[in-house]
Amino acid sequence: MKSVQFCFLFCCWKAVCCNSCELTNITIAVEKEECGFCISINTTWCAGYCYTRDLVYKDPARPNIQKTCTFKELVYETVKVPGCAHHADSLYTYPVATACHCGKCNSDSTDCTVRGLGPSYCSFGDMKE
């Protein structure tokens, strides 16, 4: 019985104390205005949960920073969007996460909104395979 209780407590501790922020494969819609359509690209990004709390009493002397699962390291890859007109710039550079961590969302490089457009949003509505 004690081993069952220990396993239960260990699992609870792991769920609360350990972050599950990790690399995951996603598909994003890539669009170039000059081309007039979107293509799908597979890339790697960060997803998961981070320990956070929302205090009832907001202390103005201590900022309340909500941590989110975000990239720690990035590389950039470039792809050629097929089917663009010859005069159009058909190269598209996009970020690929190589390491993740729980930290403050950097609004200079990341969409930190609660409900963004999402990675598969295409403003043209036309998705090429």
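The backbone N, Cα and C atoms fix where each Cβ goes, glycine too.
Straight from Swiss-Prot, the features:
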DISULFID  Cys21-Cys69  disulfide bond
DISULFID  Cys35-Cys84  disulfide bond
DISULFID  Cys38-Cys122  disulfide bond
DISULFID  Cys46-Cys100  disulfide bond
DISULFID  Cys50-Cys102  disulfide bond
DISULFID  Cys105-Cys112  disulfide bond
CARBOHYD  Asn25  N-linked glycosylation site
CARBOHYD  Asn42  N-linked glycosylation site
SIGNAL    1-18  signal peptide
Among Cys38, Cys84, Cys100, the one of these disulfide-bonded residues whose Cβ has the fewest neighbouring Cβ atoms within 10 Å: Cys84
Candidates Cys35, Cys105, Cys122 (disulfide-bonded residues) - the one closest to Cys46 (disulfide bond) by CA: Cys105
Residues near Cys21 (disulfide bond) in space but at least six apart in sequence (CB under 8 A): Cys46, Ala47, Gly48, Tyr49, Cys50, Cys69, Thr70, Cys100, His101, Cys102
Separation of alpha carbons, Cys122 (disulfide bond) and Asn25 (N-linked glycosylation site) (Å): 19
C-beta crowding around Cys35 (disulfide bond), within 10 angstroms: 21
Alpha-carbon distance [Cys112 (disulfide bond); Cys38 (disulfide bond)] in Å: 23
